[in-house]
Structure formats: structure tokens, C-alpha cells
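Engineer: A single structure is presented below for examination.
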Amino acid sequence: MSANHSLDYGDLAFIYIDSKRKYLVKLGKGKILGTDKGFIKHEDIVGKKYGDIIYTSRNVKAYILKPLLIDLLQGLKRVTQIIYPKDSSLMIYLSSITPGSLVLEAGVGSGFLTASLANFVGDSGRIIGFDIREDHLLKASENLEKLGFDKRVELVLGDIREESIVVDNIFDAVFYDLPDPWNALNTAYKALKPSAPILIYVPTVNQIEKTVLSMRKHGGFIDIHVYEVLLREYSVEKNATRPYTLMIGHTGYIVFGRKISA
Ligand SMILES: C[S@@+](CC[C@H](N)C(=O)[O-])C[C@H]1O[C@@H](n2cnc3c(N)ncnc32)[C@H](O)[C@@H]1O
């Protein structure tokens, strides 16, 4: 959808009043967005464009924005720990996936990483996402449908440690967020195109060590690196610009490697 498109029922809009009042809405007939600054009827947003201004019932100014990926993710429901944008952004950069890429992911969990991957592979790409829990796949499926990404993703119930569930040498990248990724290295090795990357997310240093030592022992991966992303936001005030006092101290670690031919 272009940014100049006139909004219609079914479209997503990000309503921004101020930094504490931001709402992702799917425009629906008869629906109302309620806020502590007054309400906005969806029918009053229909026909407007992204970037336009609208006023709440209490005459407070709000902006109608085109949702960015980060806004879309904030509207999703979670049933598992998730991978946050600060980590998924580096994982996606390192993977070099582009529109049209074919990606293998396990475990899908709530589908937060899946949604980011789907955003980058576009309509011509595909994510094959495995999880051993049907209830997690159901939640991920609902989340992906909400964003209109469901056609870019095939969700499969299965244990990624079973090599037989993947086809050989077809994937442009593998992404793992599993409790024991070291037990699924053979599957990744089988599935990846020669020279393609693997990105593994683990929340503890014990898992880093087990994963990297297993990758070395496996012998099918080179250029192995481990990264941690620390993100600080700044508060900007005249003569008082500085990082915010609080920051997220820990999420997880990223293990990177590339497949080599046997
Ligand atoms: C922390 S969650 C993943 C969260 C996801 N990355 C996100 O951003 O929403 C881990 C998932 O791995 C799944 N899982 C665990 N072992 C698995 C296996 N052997 N094969 C496939 N999925 C597995 C779990 O059921 C769980 O849903």
C-alpha cells in the first residue's frame, strides 16, 4: 500500500498522540479508538492519508501514521519469550536475507522474529517455520495474520532436531531460537545452501559455549562469531542530554556461522 493511499476499512493505522499514547488500529466499521485524551471513530480516519492530523472527541491532536515494523510488533500477543528488535535487527543484517529469500526458522514461538523475517523476504520470499508446540504455532499464526504476513510463512509442527523434516541445500539462511540448538546443527547443515549463514539466539552464556563448541566439533560451519547488542536511548534536553537512567541490561546473545561444503 502506498503512503498516498486514502485509508479504508481493513487498513492498519498507527495513531500517535504523544510518546506515551500510541495505538495500532485496524480500521473497522462502527469501531472506536478510546484513549484518556478522548475517542476517535474509525469512520473519521477512513478517507484520510498517512501523515494527516485528526482530533479526538476532547479536541486533542493526533497523527495518523503508516505503521513501521516496530509499531506492528508492539501490537502482537506473546506466549513465549521473544526476540526483541535490537537483536533481530542484527541477526537479519548478518543473514543478508532480501526479498525472495527462502528462510528456515525454529522455534517460531510467538512469531515475533518470524514477522520481522517476513517483512524482509517480502511477497516473493518464504519462511518455513517449525515449532514443537501446536499452541505456540496457533498464536504465531494469529499474529502473522494480523499483520498480513501469513502468506509469506508456512508454519510446520515438528521437531527441528529431526533432520528428515527438511529438504537438502535449499535455504538462504537458518534462524534458531531453541533451548538446545546444538542438537539441531545437523538439520541446519542439511537445509542450508553451501556458504549460507546460520543465526542462533541464546539467552545464557552457558548456551553460547555449548553451541559454539558443538559447531566447531560438527565441522560444517566456519567464521563463527558471538555478539551481544547493548542499546541505549538518549534523553535530549538543552545542556542535559544524556542516556536514560534505565536500560534493558540483558536479552540474549547471537551466534553466527557459515556453512561450508563437506
Ligand atoms: C523462546 S521461543 C521462540 C520465540 C520466537 N523467537 C519469537 O520471537 O517469538 C522458543 C520456541 O522453541 C520451540 N521449540 C523448542 N524446542 C524445539 C524443537 N526441538 N523444534 C522446534 N521447536 C522447538 C518452543 O516450543 C518455543 O515455542
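The backbone N, Cα and C atoms fix where each Cβ goes, glycine too.
Keep in mind that TrEMBL annotations are predicted by a computer and have not been checked by a curator.
Okay, these came from TrEMBL:
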- Ser110, Gly111, Phe112, Leu113, Asp131, His136, Asp159, Asp177: S-adenosyl-L-methionine binding site (BINDING)
Engineer: Which of the listed binding-site residues (Asp131, Asp159, Asp177) has the least company, meaning the fewest other Cβ atoms within 10 Å of its Cβ?
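Structural biologist: Candidates: the binding-site residues Asp131, Asp159, Asp177. Fewest Cβ atoms within 10 Å: Asp159.
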Engineer: Sequence gap of 6 or more, Cβ distance under 8 Å: name the residues on the same chain that satisfy this around Leu113 (S-adenosyl-L-methionine binding site), in order along the sequence.
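Structural biologist: Ile82, Ile83, Ser88, Met91, Glu105, Phe175, Asp177, Tyr201 - these are the non-local Cβ neighbours of Leu113 (S-adenosyl-L-methionine binding site), listed in sequence order.
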Engineer: Roughly how wide, in whole Å, is the group Ser110, Gly111, Phe112, Leu113, Asp131, His136, Asp159, Asp177 that binds S-adenosyl-L-methionine, by largest Cα to Cα distance?
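Structural biologist: Greatest Cα separation within the listed binding residues comes to 19 Å.
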Engineer: Given the binding-site residues Ser110, Gly111, Phe112, His136, and counting only Cβ atoms in the protein chains shown, which has the most within 10 Å of its Cβ?
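Structural biologist: Compared across Ser110, Gly111, Phe112, His136, the most Cβ atoms within 10 Å surround Gly111.
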Engineer: For Leu113 (S-adenosyl-L-methionine binding site), which DSSP three-state class applies?
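Structural biologist: For Leu113 (S-adenosyl-L-methionine binding site) - judged by DSSP and reduced to three states - the answer is helix.
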